[in-house]
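Have a look at the structure below, then the notes.
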């Protein structure tokens, strides 16, 4: 209502007896600005802005705060308030949110400027959760901050590679939570535990040893016995590789003359053949190593949680291929037929497969696993490097062929008698050696034009190789740092789950997304949510005129049910990899209820005095779910 001072000023201005009053205009504008202002207290930090600023992004949590009539607010699934009112004490209302105050400054600045930037001092998952709570899509992040925002996703994907059983290539490190997850999965797949009850209790005693044997040969950090087995396996691997190398040395080879007598009818023919045999001691050592590898392979394939995954693993295929030739050679050594000798000759050639056992060291050394992950992650860079080299080889091989023909003598019709570059395919070898800066010296240009092409080829090779290499080095550094951090991470058996908020406790409502989904729930942990989430009524006539804010989630009806069993490691990794849009497609609603509101049985909210107190319940500690 316009004050009396303003009315008299307006009449005086109309009659011409009194000039217009600027004080009146300033006073009315100040009153309008005061009613338009809103105060948002986030984690103890007060932010002041206009309601019109919050309305710039409709459908978000702050936009619902700025709408006192509830026109743009969706109704709650749980029968919550359909309309609301905000109490005013002559000034702007203040609403409290127990969220991160630093991130909210960037969120509020997004409402003001329309540009969402990512803070550099906040972890990526925390910023993602805050965006989910305030109802802002992650795709609104500015391009300049998108790489910073995506860094935590890349780190989580790299950690998932180390946690996966087939991607890690071996057991988990000390203090590694992924090892506990894998052992838990193994127990679930292999059947009941020993001493279990129920129909499967009889088979549980038989199969209870399988998880222990699997951990004994697969996870070197599961027990002291597993470490002994790991050292024994490492010892036999090194001995087998050493034996393989010594077999090719002349000092361990024995020449033997073999006499063969062939009789065809009445004709007898004698043939002398020379054979080279390996020192028997090396054969015995190799036999002992193969017996250990056979025992290890059989135990692992019998006790593995998933036989199909075991068969598809590359390291297990290498184990089988390296063991098989030894037994075939022993079985065919007593035969003297020509076919048997041919097979033995082939098996001796196939002995080089034993050198592939060196890859089994990846189960015991983190650096080798990191190298394997780096090679797989840098596939695009390697492909780009090959394409660059192929283009350079084709171009410079053609150029060197024609450049060398410039110095040909007139008596040379082909023009290639004075040079080694007889054709373009020969120039491919020279171009590869030159671009990789090896320079064997077997082929080199002899004319001034060929030398110029050779110099250009060497410079192009240096620049071509230097471009993709830093990306590969960065990938290795990222994987190695993550692996080292994962090993130094303290062991976490069970994560702490806080008690659920009680109806009369001063705990504020939170969205479903802030619940510890990734926690490992113990059997004694209480349900995460037994009743609706409650926000305490904030009554402060000096600050906000007795304003009350009650947070509600549109999907709160489903949250009133007790939580199910603890999520599996695969589910936790899937939740970690999911984005903001997948985690929460509908942002939680925030309804404003004044102290005089009554929640009725039909779901409506009516003012004090308009309904009978018996028909409705006062809204003081009620969450609109």
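For all residues, glycine too, the Cβ spot is worked out from N, Cα and C.
Residues annotated as topological domain 'Cytoplasmic' in Swiss-Prot, with sequence analysis given as evidence: 1-227 (among others).
Per Swiss-Prot, the feature region 'Inactivation gate' maps to 1-28.
The feature phosphoserine is assigned by Swiss-Prot to 8 (among others), with similarity to another entry given as support.
Among the features that Swiss-Prot reports, phosphoserine is placed at 9 (among others), with the record citing similarity to another entry.
The phosphoserine annotation in Swiss-Prot covers 15 (among others).
Taken from Swiss-Prot, the feature phosphoserine applies to 21 (among others).
Annotation comment: Swiss-Prot describes 77-86 as compositional bias 'Gly residues'.
Under the heading transmembrane segment, Swiss-Prot lists 228-248 (among others).
Long-range Cβ neighbours of residue 257 (N-linked glycosylation site) (same chain, at least 6 residues apart, Cβ-Cβ under 8 Å): 272, 273, 274, 275. Residues or ranges marked as N-linked glycosylation site by Swiss-Prot on the basis of sequence analysis: 257 (among others).
The annotation N-linked glycosylation site is assigned in Swiss-Prot to 266 (among others) on the grounds of sequence analysis. A C-beta separation below 8 Å, combined with a sequence spacing of at least six in one chain, links residue 266 (N-linked glycosylation site) to none of the other residues.
If you look up Swiss-Prot, you'll see 279-299 (among others) marked as transmembrane segment, on the strength of sequence analysis. Here the transmembrane segment (279-299) has Cβ contacts under 8 Å with residues 213, 217, 232-233, 236, 239-240, 243-244, 246-247, 252-254, 316, 319-320, 322-323, 326-327, 357 of the same chain, all six or more residues outside its ends.
DSSP labels the residues of the topological domain 'Cytoplasmic' (300-313) in these numbers: 10 helix, 0 strand, 4 coil. The topological domain 'Cytoplasmic' annotation in Swiss-Prot covers 300-313 (among others).
According to Swiss-Prot, the feature transmembrane segment maps to 314-334 (among others), an assignment based on sequence analysis. Residues 169, 286-287, 290, 293-294, 296-297, 300-301, 340, 343-344, 347-348, 350-351, 353-354, 356-357, 359-360, 362-363 of the same chain lie 6+ residues outside the transmembrane segment (314-334) yet bring a C-beta within less than 8 angstroms of a C-beta in it.
What Swiss-Prot records for 346-365 (among others) is transmembrane segment.
Per Swiss-Prot, topological domain 'Cytoplasmic' is recorded for 366-381 (among others), and the stated evidence type is sequence analysis.
Under the heading transmembrane segment, Swiss-Prot lists 382-402 (among others), citing sequence analysis as support. Residues 375, 421, 423-425, 427-428, 430-432, 434-436, 445, 450, 453-454, 456-457, 460-461, 464-465, 467-469, 472 of the same chain sit 6 or more residues outside the transmembrane segment (382-402) yet have a Cβ under 8 Å from a Cβ within it.
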Open item on the list: If I take every residue in the topological domain 'Cytoplasmic' (1-227) and average their pLDDT values, what number comes out?
Closed with: 68
